[in-house]
């Protein structure tokens with residue numbers, strides 16, 4: 001007798017992975033206005049995995065996508081629903097008050113408790129802040145087992161077996177529901193949302209909430225002092241042939 | 001002129017906010033006097049992982065005493081090995097087989113207890129799979145916003161870290177009472193493992209059981225230097241076309257140089273190379289003396305993992321590939337000809 005899966009999938013709207021971010025001239029951050037944004041690539045994997053669990057005839061009762069951020073996060077949630085999430089919640093947070101991972105984890109804890117989620121699948125990191133913390137923090141706050149950087153997830157009854165990517169190879173862990181999983185790139189190949197599914201997603205439920213609804217203050221612990229361009233490398237030019245390469249490498253002391 | 005004006009305006013503003021929070025200021029300066037660091041050392045089969053010793057080096061940038069932390073089945077012998085690490089004043093050791101596999105579910109409460117007991121102001125662990133999986137869980141239990149992949153320590157509360165795949169560098173100040181950091185291995189070289197004489201103390205063991213069970217592991221075996229710490233790396237990408245060609249061309253070149261082998265995401269995704277060899281934003285960060293790559297175009301995500309290398313050399317048939325913009329030595333040509341030629345010529349020289 002296995003319990004029904006109530007899956008929570010947090011998603012983040014980030015600058016598209018193919019765009020090279022530009023640092024603002026006042027060094028307060030990265031230019032986000034008029035820049036293409038998308039669903040964080042690791043979060044696409046989370047949605048895909050949740051949908052595949054249902055397709056593999058696991059007892060998936062509900063797939064809930066949530067996102068905290070400015071109004072445009074609603075688009076991100078529509079994408080998640082077009083990929084197969086059943087419904088979504090948008091927590092309105094102004095762009096200049098963006099939550100830190102700890103704040104997001106506290107918010108997700110409150111949502112998971114209210115929605116009675118028993119499996120939470122998150123991306124291993126957001127490609128903007130590259131923190132890689134939210135899933136583990138959430139697992140700590142809920143005191144649930146965690147399996148990060150998952151490349152394979154198998155469920156049988158209440159036991160989840162996860163293969164995770166570690167330094168030098170992979171390891172396999174086993175735990176019982178409820179559980180937190182964070183996704184690595186090798187987990188699956190996310191699907192494209194088809195036009196009919198995009199149309200259907202428009203009719204799916206998207207609730208609007210605020211941080212106050214969940215009793216989360218979202219106060220920042222970190223203060224940005226400055227954001228700078230990384231030092232640029234000077235391309236050293238090209239060589240004609242293999243001998244040229246070897247002598248240049250010798251000259252540079254690399255061999 | 002303008003920037004000077006802006007600067008002084010900023011200073012005035014800062015002075016104002018400081019005077020408003022006099023209490024906070026005295027609190028932070030008393031903290032500075034009592035600054036102490038816990039460096040978490042990783043172990044594998046009873047041996048301390050060299051890569052994790054960067055945590056000690058990072059601790060030295062802060063000033064103040066540094067204590068090392070080890071736990072596992074061979075707690076006592078680990079403690080003895082750790083006591084010789086230069087820079088450590090004390091080693092806190094916990095001997096219990098439950099910690100052997102580094103599971104965050106029981107490691108996190110273990111660390112929380114020991115951090116509280118020792119009253120540490122800073123806790124540092126290497127930004128490895130172990131550190132990345134564990135420290136955020138500890139941070140949540142301590143109600144602290146952790147800092148990931150720190151590249152540089154400016155002061156006791158100000159740290160520098162990459163964001164957007166290293167396309168921007170963020171300097172950030174933490175207001176938390178305890179600072180939790182994972183540090184970039186390539187920015188903090190390992191501390192010396194001989195010559196130290198730290199005292200050893202038994203840590204607190206809360207004996208929390210892990211709900212997660214370790215089943216098995218499958219690690220790629222190799223006699224080559226470890227990718228993250230190798231002084232030379234030879235890396236292959238999609239241009240190699242197949243696993244057969246990757247295996248035919250890349251290992252001999254790596255052998256000729258005594259280098260570790262890396263790969264781009266495209267090469268890993270196409271099955272040419274193992275996942276653990278991936279270099280980039282979502283793979284490993286490397287900063288070797290020489291990074292020599294073939295058939296890699298140089299996407300943002302790949303550059304994120306290797307652009308701090310001392311010398312970058314590349315072979316690519318597309319003269320407009322972005323990799324040429326960062327390479328110190330670039331050769332435009334067919335890698336199926338150039339790589340074997342390079343391998344032969346390097347071999348005959350040594």
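Here the Cβ of each residue, glycine as well, is placed from N, Cα and C on the backbone.
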TrEMBL annotation of region 'Disordered' - which of the ranges B:164-187, B:188-211, B:212-235 it falls on: B:188-211
Other CB atoms, at most 10 A from the CB of residue B:278 (FAD binding site): 27
Chain-internal residues near residue B:281 (FAD binding site), provided their CB is under 8 angstroms and they sit 6+ positions away: B:165, B:166, B:300, B:301, B:302, B:304, B:305
Within-chain partners of the region 'Disordered' (B:188-211) [C-beta distance under 8 Å, separation at least 6 from its ends]: 48, 50-58, 60-61, 67-69, 71, 79-94, 96, 98, 103, 105-106, 109-110, 113-114, 117, 229
Interface-proximal binding-site residues, chain A, C-beta separation under 8 A, candidates B:238, B:296, B:302: none
Listed binding-site residues (B:296, B:299), ranked by Cβ neighbours within 10 Å, top entry: B:296
Fewest other Cβ within 10 angstroms of its own Cβ, chosen from the binding-site residues B:238, B:302: B:238
